[in-house]
Amino acid sequence: MQQVLENLTELPSSTGAEEIDLIFLKGIMENPIVKSLAKAHERLEDSKLEAVSDNNLELVNEILEDITPLISVDENVAELVGILKEPHFQSLLEAHDIVASKCYDSPPSSPEMNIPSLNNQLPVDAIRILGIHKKAGEPLGVTFRVENNDLVIARILHGGMIDRQGLLHVGDIIKEVNGHEVGNNPKELQELLKNISGSVTLKILPSYRDTITPQQSYVNMERHPAHVRQVFVKCHFDYNPFNDNLIPCKEAGLKFSKGEILQIVNREDPNWWQASHVKEGGSAGLIPSQFLEEKRKAFVRRDWDNSGPFCGTISNKKKKKMMYLTTRNAEFDRHEIQIYEEVAKMPPFQRKTLVLIGAQGVGRRSLKNRFIVLNPARFGTTVPFTSRKPREDEKDGQAYKFVSRSEMEADIKAGKYLEHGEYEGNLYGTKIDSILEVVQTGRTCILDVNPQALKVLRTSEFMPYVVFIAAPELETLRAMHKAVVDAGITTKLLTDSDLKKTVDESARIQRAYNHYFDLIIVNDNLDKAFEKLQTAIEKLRMEPQWVPISWVY
């Protein structure tokens, strides 16, 4: 493995391997778990045992034939013959030869046992008494439900006290706690167990069900088998279990914020997954499943509905229906529901593109130009195409690439443009191939495009780092505009109405496309905004990154 790692840097030129594949391979081979498995494999290979012979009993009998005549001559021979003829020693040799030759007879069939069906009522002597030790306020990591007037364990949270001890299982019935019957109220039992400290004695009626360990029930996120790999998701909404009226146990919930990375450890319940924080660690907690949260967010109240909230019903709800039209692409995006996004952890690497998103006039172009001027060896950008005629002082390929309108229309129809538009009767646009040309030179291509283009860019082909340049408050924006006008940097005067449009447009873009953004920078000072962006880009080269799973598999 070490030799492979040392030669990885030479592979791209010699084999034509994709850079992202090599980064992923390096990340796997440098993983401590993989290294430990490799060491264990080597040790097992080195110490592999093989039987010297599988006919030792036959060999001993031949020895006995040779030395038996010498019994009367030598006492040691007599003692050895006695040992070799010992029934236990003969049986040991016979067992060794059977194992060495791997010749096993089927065991005799045992008489059929009358085992009662597990579905029948369990006998009284099946009741078990368990003892645990806990601190006051420490959660056990279980939730309960009422079943046939009994309190039954509904789920065991991954990494919790009960999960670590392995004494209880889903379906077990709780009969008593410290000698007192528990009744049939799950909330009362949760409070009782939460407040108890010291030794706790539980009387349970086991379920005798086949239990599945949390490691066997990782999420199957559609394309990949659940048990093969760990599953991580990026959250696109804030969640506080104490504000959720649907969660079966608020104390068992896991609070998280938008943008956090969670590890999903169990998805057996269609409505409530078990997850844990990747950054903070700790035991797992309940979070709403993709299905449940989509269901909650997909329904809107009718305009005429004033009947108040209903629990567990959607009779007074309606779905908003909309046909997808390319002319209403932005409107369709506004209603896109984003809950969780599956991600994978990658070693540090340079992104292929840096995409700056924001409202018109927030400073995206100024930031882009500053990066390219200060470090042209690392950053580049595209040259836009246009159908207008070049002016006298313009050269093809500098500010614009000039093509005929018919050629440009044909390429637009063929999907060769990332974005395009028309101004004063002329077409303008950014070609997809021009982005790849910059990337192929080893530089990061900086783009300031419309947010709708993110659907095309957010793939493994472009690997974008998406930064939203947010507009500051109206007062700050007004002061910034006055400063650039007074300094003679611009002669274009903007009214308060223009500035307010910028602020409103910035807020609209953030609401609709927030789930695409890797970083948000409020541009209330161009120098500070540049420093923040520069720091973030440098971190990409030094720290591991969480990227969409589709970039890896």
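Counting begins at 1 with the first residue displayed.
Yeah, the Cβs are placed from backbone N, Cα and C, and that goes for glycine too.
Per Swiss-Prot, domain 'L27 1' is recorded for 1-48. The feature domain 'L27 2' is assigned by Swiss-Prot to 49-107. According to Swiss-Prot, the domain 'PDZ' annotation covers 129-208, on the basis of sequence analysis. According to Swiss-Prot, the feature domain 'SH3' maps to 228-297. Positions annotated as domain 'Guanylate kinase-like' by Swiss-Prot, on the basis of sequence analysis: 351-538. Sequence annotations record features per position, and here Swiss-Prot assigns phosphotyrosine to TYR513.
Of all the Cβ atoms in the protein chains shown, 21 others lie within 10 Å of the Cβ of TYR513 (phosphotyrosine). The domain 'L27 2' (49-107) scores a mean pLDDT of 82 in the predicted structure.
Helix, strand and coil residue tallies for the domain 'L27 2' (49-107), in that order: 41 helix, 0 strand, 18 coil [DSSP]. Each residue in the domain 'PDZ' (129-208) gets a DSSP state, and the totals come to 15 helix, 34 strand, 31 coil.
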